[in-house]
Every structure is written in C-alpha cells, then in structure tokens.
C-alpha cells in the first residue's frame with residue numbers, strides 16, 4: 001500500500017516535471033535565429049514561402065544543393081500560417097522534439113511500467129543538446145522525432161494489425177530521408193534489423209513486409225526526387241559546385257551520403273576524430289550522460305537477461321555511433337537523433353536501482369554534476385556579464401523555489417534525479433533568457449537588419465556582400481536584399497543604395513575609388529565559435545571586428 005502511494009506520488013512529480021521540461025524547450029522560441037546554419041535554413045524557407053516555390057532551394061539568389069527539402073517545407077508552411085517570424089521558424093522543429101518525447105514514452109511503455117516510460121520522456125526533454133537544438137534550430141529536431149517514431153511503428157508492425165504501423169513507419173522514415181538523406185535510416189535499420197538478428201527471429205527478419213516498407217519509402221520520397229530533378233537534372237547547364245551537368249539525384253543518393261562518408265563528394269572535410277562523439281556525448285547528454293554509460297556497462301554485464309527493447313536501443317545507437325565516428329563530418333548536434341534510445345536505457349537503469357551502495361554512489365556523482373553545472377553558469381555570468389531581464393530573473397527565482405520544493409518534498413530515492421532536472425531548468429533559463437540575448441548582439445547581420453527596418457525612411461535598396469555568412473540579414477530584413485559579388489556589379493540596384501559588409505570589404509571598395517558614406521558600425525563576432533577572450537567582457541573588444549552599413553553614392 002505504501003509503495004503504491006509512493007509510486008503514485010513519483011508519477012505526479014514526473015507529470016509536473018515533464019510539463020515544465022516542455023516549457024523549457026520552448027524558452028528559446030523568441031531568441032534571434034543564430035547563424036550561419038540556422039539563419040541560412042530560415043532564409044531558404046523564407047524564400048520558399050515568399051516565392052511560393054516549394055520545389056527549388058535558393059541561397060543568395062543562386063541554386064543551392066546541399067540539404068533535402070523537408071525541414072524547409074515545414075518552416076515555410078509555418079511561415080504561411082503564422083507569418084515570417086523567429087518563432088514561426090522554430091515552432092515546427094520544437095513540436096517534432098515533443099513528438100519524439102511522445103514516441104519515446106510509447107516505445108518504453110511497451111516493455112516497462114508507466115514510471116519508467118515517463119522518466120524516459122523527461123530524460124530526453126532535459127538532455128542538454130536537445131534544448132540547445134530547439135534554440136539553435138537546424139534539421140536535427142525534425143530528425144529526432146522522425147527516427148524514434150519510425151522505430152516505434154516498425155516495431156509494432158511486427159505484431160498483429162501490422163499494415164497501418166508499417167505505413168506510418170514508412171511515412172516517418174521517408175520524411176527522415178527527406179530531412180537528411182538515406183543515412184538517416186541507419187538508426188531505424190540498426191534498431192529493427194539488429195534486434196531481429198540478435199534475438200534470432202529469422203522468420204520476421206526475412207518477412208515480406210520489410211520489402212513493402214522499402215517500396216512505400218521509395219514512393220513517399222518522390223516529392224524530394226522530383227524537386228531535385230526539376231531544379232538540377234532537367235537543367236544540366238546550371239553551374240553548381242563550379243561545374244555543369246550536376247545531377248541533384250546523384251548528389252542526394254550518393255555524394256551527400258557516401259561521398260561525405262568517404263570524403264569523395266563535392267563537399268569535403270579534411271579531419272575527423274574517431275572519439276569525437278564519445279566525449280561529445282559526455283556534455284551533450286548532461287546531466288544524464290554518466291548514468292547512461294554506467295547503465296550501458298550494467299547492461300553488458302547482464303545481457304543474458306536483457307529485454308528486447310534494450311537490444312533495440314543498443315543496436316540503434318551503436319550502429320549510428322560507429323558510422324558517425326567513422327565519418328569526417330562530425331558535429332555535436334548529429335548525436336541528438338539517438339538521444340531517445342539513450343533516454344530509454346538511462347530510465348531503465350535509474351528505476352531499477354536497488355542497491356543502497358549503488359544509490360549512494362549515484363547520489364554523489366549526480367551531486368557533483370549538479371554543482372559543476374551550477375558553477376559553470378556562475379563563472380560564465382561573472383566573465384560574460386549579460387544583462388538580466390525581468391523574465392530571466394523571474395525564471396531563475398522560480399527555478400530556485402522549485403529546487404527547494406524538490407529537496408524537501410520529492411521521494412528520497414529519486415530526489416537527486418529530480419534535482420538534476422531542476423539544474424537543467426536553471427542552466428537553460430539562463431542560456432535562453434540571459435546569455436543568448438546578449439550573445440546575439442554580436443551577430444552583426446541580424447542587428448543590422450533590425451536597425452535598417454526602423455531607419456530607412458527613403459526605402460533605399462539594401463545590398464550585402466556575399467560569402468561572409470551574412471544569412472540573418474536575408475531573413476530579418478523587411479525588404480529585398482541584393483547580393484554584391486565582385487565582377488557582377490551590373491546586377492546591383494541603381495545608386496544610391498545601402499551596403500552591409502565587413503569593414504575590410506568596405507575598405508577594399510574605397511581603395512578602388514567607390515564613394516561611400518558611413519551610416520553605422522556594428523560589432524561583429526562568429527558567435528557559434530566563442531572563445532575565452534570573447535566571453536571575458538574585459539577582453540572582448542580585442543577579438544571583435546567591425547561590420548559596417550554604408551551609403552553607396
């Protein structure tokens with residue numbers, strides 16, 4: 001009776017904290033879109049929505065062949081519904097992360113109790129890089145929801161009434177392919193095929209329904225294939241990657257996937273670290289990363305007793321981990337697509353903890369992580385000195401109150417895990433309501449767009465220098481932005497016009513005899529690559545450079 005009451009109390013706490021975790025993931029909804037990648041994607045979707053052209057992708061007025069269409073379709077549709085705003089760009093991506101949490105719960109509850117499934121969702125929603133990805137939105141939030149959803153439906157497709165699950169699994173898998181290419185199916189393939197191999201379920205492994213799934217996915221990605229054909233294969237005269245006769249279909253199936261993996265495609269990277277994702281996961285999956293790895297060790301010690309879902313999660317994560325580590329294209333946000341599987345394994349571990357000694361050691365370890373995460377924010381604030389808005393102060397105070405309630409009211413055994421969630425709330429309220437708003441002041445192109453929108457009464461044409469990662473000005477400007485490429489001056493609007501560029505580019509024009517009049521200076525920094533000097537408010541000016549808005553007469 002007492003245990004049932006405690007379990008009900010824990011579930012109520014889990015509902016409360018999961019709801020708050022969803023809100024925390026929305027806390028960066030209004031933070032200015034961060035460049036270059038986020039701003040690039042937003043500007044592509046804006047062009048798509050404004051021109052009502054959902055088949056072709058353009059950047060700075062030229063054909064763009066890199067990423068598939070699905071994230072841009074979602075963002076452009078959101079723009080059509082809600083207008084071209086920061087929050088309209090981020091909203092669909094965050095909703096896909098919420099969808100990932102729902103599917104994480106649905107998959108976990110097939111094998112575990114409600115408490116474990118709720119923990120899995122909560123762990124996913126509070127993994128540090130999941131929240132970061134919802135502030136600096138790229139393609140991964142979409143992929144996270146699509147991958148775990150596809151795995152869930154394909155697993156259910158092995159049971160009775162399988163057709164609809166196979167159809168929904170294929171639909172989500174197709175959307176994943178139209179988000180990141182065929183390599184997006186690696187965790188899906190690993191989860192389903194790997195589990196069937198390990199459990200020696202040969203009858204299901206070679207079942208005809210998987211062939212049907214392949215056919216369905218192939219049919220469902222036709223919109224992507226047709227779009228690529230129309231923009232590139234039907235126009236061999238177009239110059240892409242400095243050459244003609246470029247096939248969009250070949251790029252989609254080979255160059256963007258195997259070409260990147262083997263580093264033989266048109267987009268190359270010269271270095272890679274096989275251990276990159278191993279040490280990246282230690283901070284990206286905070287505050288749960290060490291619990292995950294401990295749980296992983298425990299799993300392999302007791303693998304004879306492993307449940308089917310544990311092999312499913314291991315296979316999905318392991319195959320993806322190996323492929324990503326072998327590639328030279330390594331970025332932290334690539335990992336988030338397998339965080340749902342990490343979350344399920346971590347939830348299973350913390351709920352089944354029973355040894356008092358082990359629980360005591362876990363409390364000490366998580367306590368150290370909580371203290372370190374809090375100290376890092378304290379040190380960051382001391383050196384960075386962002387302005388604290390009322391919302392930031394209120395959020396931090398409310399988090400402190402929640403921490404006190406958790407300390408004295410939460411179940412003793414799980415208190416340290418709830419406190420871990422509280423520190424995630426604190427860290428990301430600080431990031432989204434204090435740190436990022438200050439950081440974004442040094443993203444010169446978005447700052448310039450905001451200023452021009454309110455200080456261009458004559459509606460002078462606006463031009464920007466290309467090849468400088470100034471994509472935010474394309475998105476945030478209320479007027480068309482022309483692109484300045486040397487040698488193509490005949491395409492510029494008639495003088496006078498406003499030109500935004502880095503100071504070195506303006507100086508180069510002055511040396512060529514172009515008459516310019518300074519309108520405004522903007523402090524500039526590549527804010528996705530912060531360093532110690534930039535974070536130190538006393539030394540920040542040493543690493544800033546100037547971007548300028550000038551009048552070309």
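Positions of Cβ are set from backbone N, Cα and C atoms, glycine also.
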Range annotated as transmembrane segment in TrEMBL, from 363-384, 451-472, 473-494: 363-384
Quick test of the contact rule: Cβ under 8 Å, at least six residues beyond the ends. What residues does that give for the transmembrane segment (309-327)? 107-108, 110-112, 151, 155, 183, 186-195, 198-199, 260-261, 272, 274-278, 296, 299, 334-335, 337-338, 341-342, 344-345, 348
If we call contact 3 or more Cβ pairs under 8 Å (sequence gap 6 or more), are the transmembrane segment (210-229) and the transmembrane segment (276-297) touching? no
Here the mean pLDDT of the domain 'Glycosyltransferase RgtA/B/C/D-like' (66-225) is 95
Whether the transmembrane segment (333-351) meets the transmembrane segment (276-297): three or more C-beta pairs under 8 angstroms: yes
Is the count of Cβ pairs under 8 Å between the transmembrane segment (416-436) and the transmembrane segment (171-198), pairs 6 or more apart in sequence, 3 or more? no
Between 12-34, 171-198, 276-297, 390-409, who has the most Cβ pairs under 8 Å to the transmembrane segment (363-384)? 276-297
Residue list, the transmembrane segment (171-198) vs rest of chain: Cβ under 8 Å, 6 or more residues beyond ends. 67-71, 139, 142-143, 146-147, 149-151, 153-155, 204-205, 213, 216-217, 220-221, 223-224, 252-253, 256-257, 261, 308, 311-320, 323, 337-338, 341
Hey, which bits of the same chain come close to the transmembrane segment (12-34), Cβ under 8 Å, at least six residues off its ends? 42, 86-87, 89-91, 94, 97-98, 101, 115, 118-119, 121-122, 125-126, 130-131, 134-137, 395, 402, 410-411, 414, 418, 421, 424-425, 428-429, 431-433, 436-437, 440, 443, 446, 472, 475-476, 527-528
